[in-house]
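As annotated by Swiss-Prot, Zn(2+) binding site applies to CYS307, CYS309, CYS312, HIS338, with the evidence given as sequence analysis.
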Amino acid sequence: MAISSLSSPSGARVSSVTVKNKVLKTPCFFLPTSRGTVPHLTPDNVEEFDIPALYVGLEDCLDRLEASPILTNEGTIKKWIAAPSVQPTLLAPRRTSPLPSVSAGQSHINIVTASGAKKLTNDLYIKAVLKLCPELVIPLNDTPTSPPGVKRKPKIVERSVNWTTELLLALKATDAFNTTKVFFPVPDLDTQYLTPIFQFFQENQLANNIAGLAFSNNVNPLPADLVGLPRLSIQKFESPLEILKCIQRGIDIIVPDMITQATDAGVALTFSFPPPSKDVLNSKIELGLDMWDERFATDMEPLQSGCVCKTCRRYKRAYVRHLLQARELVAWILLQLHNVYAFTAFFQGIRASIQEGNFDEDVRKFEEIYMTSFPASHGFGPRKRGYQMDLTNVQPVENKPAWISMKSPLEKEIANEYEALKVTERKEDTQDYNEPELHNR
């Protein structure tokens with residue numbers, strides 16, 4: 001999977017990566033899944049898009065660790081998530097945006113499943129990889145959810161090397177060695193701490209079977225012999241501009257959560273790349289449209305002008321807003337269909353811009369023309385599950401109540417007085433009650 005690239009002056013590069021029998025043109029994005037499925041989309045809808053690969057976080061499916069159905073039932077990961085046979089999958093220990101968890105140990109990391117916090121050992125993770133047979137895999141890694149201390153940093157690197165070595169040895173002993181490619185997890189640490197990783201690539205013969213590098217945040221300076229490997233980023237992106245900046249630093253593959261986050265919020269993505277010519281009014285353009293907004297109640301335009309996705313070809317903004325107001329599930333389906341298509345077109349434009357040698361200039365124009373963040377949503381998205389919410393601190397209520405009291409202020413006051421009167425009567429009854437005397441026999 002070595003990458004042969006055409007680069008821009010900043011470091012952005014365009015190439016192709018072969019995964020099994022599929023050629024992935026980079027830069028590209030892998031679509032994150034939730035509990036093994038693409039949110040809001042059925043498998044037949046997913047097949048309509050040319051999605052390079054699906055990202056599956058194993059912690060989504062390990063409610064009972066080794067007794068979880070994903071490990072006890074027959075079949076590979078393709079059968080579990082009902083993905084097409086030609087659709088590559090990337091298996092990783094955690095979700096793209098994992099919830100905070102306790103620090104890892106020498107042989108395990110802590111994960112957050114639908115049934116609570118669990119310890120995922122490297123032995124169990126290797127067993128899952130050998131059973132599920134994904135095309136791509138990120139080994140178990142100690143990625144802290146808060147800044148690590150000085151003593152922990154060397155341990156993070158040591159665990160990455162040891163756990164990756166154990167996975168490679170297990171793959172080598174089976175037929176999966178030629179079908180499952182490994183992305184080495186590079187910790188987000190200063191280069192001085194990464195020396196053991198660089199030594200691993202220089203001295204260990206197993207390093208020849210590393211297919212790429214996975215970064216959780218910043219891209220560290222790399223030795224010359226590692227520059228040709230594909231680079232994947234799992235960091236959290238808040239805007240498309242952050243993605244463009246990341247590609248400028250040399251990242252080839254992005255795993256963005258913002259597609260589903262925008263859909264959940266009821267936002268239709270409307271940005272494009274390369275960007276359009278600057279508005280004569282000198283005002284910045286929105287990255288998306290909040291479809292809860294009342295201004296779309298009678299708007300008979302498609303979600304995005306010129307878009308040819310299934311949603312924009314058949315439906316209008318007013319209809320999508322009506323579905324959102326009615327809390328119809330199809331509202332989020334239509335938005336997700338459009339947003340995935342918009343992201344696919346976004347990356348097609350990125351590759352074309354790099355090939356033409358205009359990428360850095362187009363990024364500068366994009367920053368000038370578009371707003372830096374998505375519009376605030378005025379509605380409620382689908383109800384969230386416990387494993388989607390940060391429960392480590394006191395957080396605002398994520399799921400609004402399904403009903404509210406219709407009592408007037410006067411009715412509430414009368415009800416409160418009535419409850420207070422009942423409490424007073426119970427106290428008086430208790431005080432008047434005398435326990436029978438006990439007589440000695």
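A Cβ is built for glycine as well, from the same backbone N, Cα and C atoms used for every other residue.
The model shown is predicted, which means the values in this text are computed figures rather than measured ones.
Sequence features annotated in Swiss-Prot and their locations in the structure.
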| residue | record | Cβ contacts under 8 Å, 6 or more apart |
| --- | --- | --- |
| CYS307 | Zn(2+) binding site | HIS338, TYR341, ALA342, ALA345 |
| CYS309 | Zn(2+) binding site | LEU337, HIS338, TYR341, ALA342 |
| CYS312 | Zn(2+) binding site | PRO302, LEU303, GLN304, HIS338 |
(request) Inside 10 Å of the Cβ of HIS338 (Zn(2+) binding site), count up the other Cβ atoms and send me the figure. (result) 25
(message) I want the residues beyond CYS307, CYS309, CYS312, HIS338 whose C-beta is within 8 angstroms of the mean position of the Zn(2+) site's C-beta atoms, in chain order.
(response) PRO302, LEU303, GLN304, VAL308, LYS310, THR311, ARG313, LEU337, TYR341, ALA342
